[in-house]
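A.B. asks: The structure that follows is given in the form of structure tokens.
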Amino acid sequence: MCNCNHLSSIVAPSALASDFSQLASECQRVLDDGADWLHMDVMDGHFVPNITMGPPILASVKKALPHIKMDCHMMVANPIQWVEPVAQAGGYQYTFHYEATDDHMGVVREIKKHGMRAAIALNPSTPANSLSDDLIKQLDMVLVMTVWPGKGGQKFMQDQMPKLNELRHKYTHLDLQVDGGVGPATIDECTRNGANVAVAGTAVFGAQNVKQAIDAIRMSINAQINK
């Protein structure tokens, strides 16, 4: 792997795996135990079949937890439409799907205009070389999906590791995130192939010891980026 010791290890538990009736306290719980970001899955029922949360819920969480960094994963059919509402709700990073628009640069410009980090997610069928060098230069992060978005209970897709590896070797300074089936059994493979940002749902929220689960993920990332 490349020399990536300039990167940070970032653990972003997925709020979708939390108890929604206690959303703010659930987010606080994992932050207290070492989480860096909270991964907020926004689904619109169009780009993916499920509906989860939107800007009003994000705003409520931000109001309760002013220092939270919400990593907003926008599984929406019209990503530019939601940039301003998510920014107003307190979004820290706005990740939209490559497949949802043809105007990637326009969406990125809008995200930056509203003061958020800009990121693009790639579905399992979308190759790494879909992203041009010019586009990558404007991004803060790329998310490699290791399951199909919007469907729960899927197994980790090991066949996405070459894509992750390709991106890491080409873009050594870029934050690379993995999302889907990430946990104790799969994190090492992700980090060996270049991930420094890990989304984990039940592996964190369902753990008997949340701090231990977060620490284990961070140790796996650090073992690679500090080589």
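Cβ atoms here come from the backbone N, Cα and C positions, even for glycine.
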A.B. asks: Of His6, His67, His73, His97, which one shares the divalent metal cation site with His39, Asp41, Asp179 in TrEMBL?
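C.D. replies: Of the residues offered, the record points to His73.
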A.B. asks: Fewest other C-beta atoms within 10 angstroms of its own C-beta: which of the binding-site residues Ser14, Thr202 fits that?
C.D. replies: Thr202
A.B. asks: Out of Gly150, Gly181, which of the binding-site residues has the smallest number of neighbouring Cβ atoms within 10 Å?
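C.D. replies: It is Gly150 that, of the binding-site residues Gly150, Gly181, has the fewest other Cβ atoms within 10 Å.
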A.B. asks: Taking the Cβ of His39 (divalent metal cation binding site) as the centre, how many other Cβ atoms fall within a 10 Å radius?
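C.D. replies: Its Cβ has 27 other Cβ atoms within 10 Å.
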A.B. asks: Take the Cβ of Asp41 (active site, proton acceptor) and count every other Cβ within 10 Å, whichever protein chain it belongs to.
C.D. replies: 23
A.B. asks: Whole-number Å only: compute the distance from the Cα of Asp41 (active site, proton acceptor) to the Cα of Gly181 (substrate binding site).
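C.D. replies: Pair distance, Cα basis, whole Å: 15 Å.
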A.B. asks: Between the recorded positions Gly150, Asp179, Gly181, which lies closest to His39 (divalent metal cation binding site), Cα to Cα?
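C.D. replies: Closest recorded candidate to His39 (divalent metal cation binding site) by Cα: Asp179.
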